[in-house]
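Novice: Submitted below is the structure of interest, expressed as structure tokens.
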Amino acid sequence: MASLPKELTQDAKRQSFWMPGNYVRTVHRTEKSFQACNDIVACFNERAKVEKQYAQQLNQWSNKWKTIVDSRPLYGSLMRAWQCFFTSTERLSALHSSISQSLTAEEGDRVKTWQKETFPKKLFCGFSESHGNKTSFSRAQKPWSKKLMKLEKARVAYHKSCQREQNALDKEKQANENPQTSPEKKQKFLESREKVTEDKEKVRERYEKLLEDVTSYTPRYMEEMEAIFEQSQEEERKRISFLKQAFLSIHRHLDITNNESVKAVYSELHNTLMSINELDDLKWWKNNNGPGMPTDWPKIDEWVPPIKKLNRKKREQQRKDGRPVMIGGVKVRAMYDYVGEEGDELSFKAGEVFLKVEEEDDQGWCRGVLSGGKEGFYPANYVEVAE
């Protein structure tokens, strides 16, 4: 059983095998394997034409120069050495012609016959294997997908309730800071905020219950999906094994020379072909397109307050007008992670302590200095005063 990854990314959430519908890559692998067979046949048919043309060119060259050499005033061993080039060329031409015939009549037909036997089709449904895998994956994933949809709706509702609570807090704060606000109105703002907070907790409770439901169902979901996936892996292993042998057979036809430099080239090719490993390939597929992929398993997505866009021209004008600087600064602690979008903005992690050197402006931004000495802007509602 695959274990749940600790660190997750947005890309993993979108692309992971476990997310709804993403099993289609494995389903389509059958069709792509079928197309790969067509490409292999076409590729080596073209190579066969090259071999045939090369054999013809060797023969043409040999016939032309044999006639010329016979009329030249050379004799003895020198003549025999020159004529030997043409004899070896004729033998090489015959060999390349034989390679051309083997690539088409032997290897090409072998791959096409295997392809026809390995990829049976289902009427109106494409390949039988693809149809079966798609049906099985869809059936196994359907219950989990429904639970995930409910969880997503609960997450959205929870975040909206968090936003409403924040709005109520802001109104309550403004009322308390306004000396003209009557005690009765302040009490109303307080009661309103408490009601919103109570509603938020109820929404979160539902969110947590749905998350628990998804989490408890996940092991069964993973077991069913992996069982189907492993069946597909076994079929792919057979295909990889066959094509490995087909490549090695083609290589045997092409490896024709004893020249050391050419042998080195063919040796390198042979080593590459011999390094084909079904287990390594299957492992790669599993880690990049299957159960081994990192997955953004459902968890509580904490709410982060919104940030107002910093108007730099306005901020700079305020600084020119003599905005006061805090002597010595005030220590603040980050409540959330923040990554600066511009060069004059600070980036920090939740819990990091640094200095605030200017008060919050009317845009909701402050200026601060990190422990490393970098100075810049940061959103005021992302920090609190450090005790």
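A Cβ is built for glycine as well, from the same backbone N, Cα and C atoms used for every other residue.
Note that TrEMBL annotation is computational and uncurated.
Feature table excerpt (TrEMBL):
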type     : residues : note
COMPBIAS : 183-197  : compositional bias 'Basic and acidic residues'
DOMAIN   : 11-281   : domain 'F-BAR'
DOMAIN   : 327-387  : domain 'SH3'
REGION   : 168-197  : region 'Disordered'
Novice: Same-chain Cβ contacts of the compositional bias 'Basic and acidic residues' (183-197) under 8 Å, 6 or more residues past its ends?
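Specialist: Residues 161, 164-165, 168-169, 171-172, 175-176 contact the compositional bias 'Basic and acidic residues' (183-197) from elsewhere in the chain.
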Novice: Treating G and I as helix alongside H, and B as strand alongside E, what does DSSP give for the domain 'SH3' (327-387) in helix, strand and coil?
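Specialist: Each residue of the domain 'SH3' (327-387) counted once, the result is 3 helix, 30 strand, 28 coil.
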Novice: On average, what pLDDT score does this prediction assign to the domain 'F-BAR' (11-281)?
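Specialist: Looking only at the domain 'F-BAR' (11-281), pLDDT averages out to 88.
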